[in-house]
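In what follows, a single structure is set out as structure tokens and then discussed.
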Amino acid sequence: MITMDDIVREGHPSLREKAEEVPIPPSDEDRQLLNDMLTFIKNSQDEKIADEYHLRPGVGLAATQLGINKRMCAVHFEDLKGKMYSYGLINPKIVSHSVEQAYLSAGEGCLSVDRDVEGYVPRNARITVKAIGLDGKELKLRLRDYAAIVVQHEIDHLNGVMFYDHINQSNPFAIPDHSKPIG
Ligand SMILES: O=C(O)C[C@@H](Cc1ccccc1)[C@H](O)SCc1ccccc1
Ligand code: NI
């Protein structure tokens, strides 16, 4: 079972590495790891389990946050309209995106960052992602707003990018052009 002890924190080199593509078809070991990552996120959202194992609630997790240099991430969340997203993504790739940007009004956090970092994180408002799913089949996701933000946060982790890299350092709450607040 993955717990917070398995999640590397700021300063760990894995968070700044570009992760390696996963060989396709994914091995049973890789699929098991990705399933364990998805289970961690679900557990982190279960009050009883999260309390018992001291899990920080999360909506996504990337393999690089476990110190594992593989292009895999998992997401499990409801968007602001109540639509459920629950995916293990292998070799995810953003194949197209909107010019329009979006940012979470509350800013972002990270399970690998044990501090609050204030400021807006501008991201693409709409993205199309291609990946291999947990079942080993190709999948294509068209995501917008909150869902697009979560998946971009995770794909960033696979490229060694942290959410605060996107924050305007001279004015963290500057509203980027062509961007809209979410939440
Ligand atoms: O560190 C991670 O990758 C997991 C993040 C993902 C994330 C944070 C902010 C915005 C989009 C994605 C954790 O989920 S941070 C904690 C959290 C929990 C619920 C909702 C938002 C953020
Ligand atoms: Ni993160």
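Note that Cβ sites are derived from N, Cα and C of the backbone, with glycine treated the same way.
Cβ contacts within 10 Å of E154 (active site), excluding its own Cβ and spanning all protein chains shown: 22. If you look up TrEMBL, you'll see E154 marked as active site.
DSSP classifies H153 (Fe cation binding site) as helix under the three-state reduction. Within its own chain, H153 (Fe cation binding site) has G60, E108, C110, V121, R123, F163 as residues 6 or more apart in sequence whose C-beta sits under 8 angstroms from its own. Annotation comment: TrEMBL describes C110, H153, H157 as Fe cation binding site.
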Those binding-site residues listed as C110, H157, and which of them has the most Cβ atoms within 10 Å of its own Cβ: H157
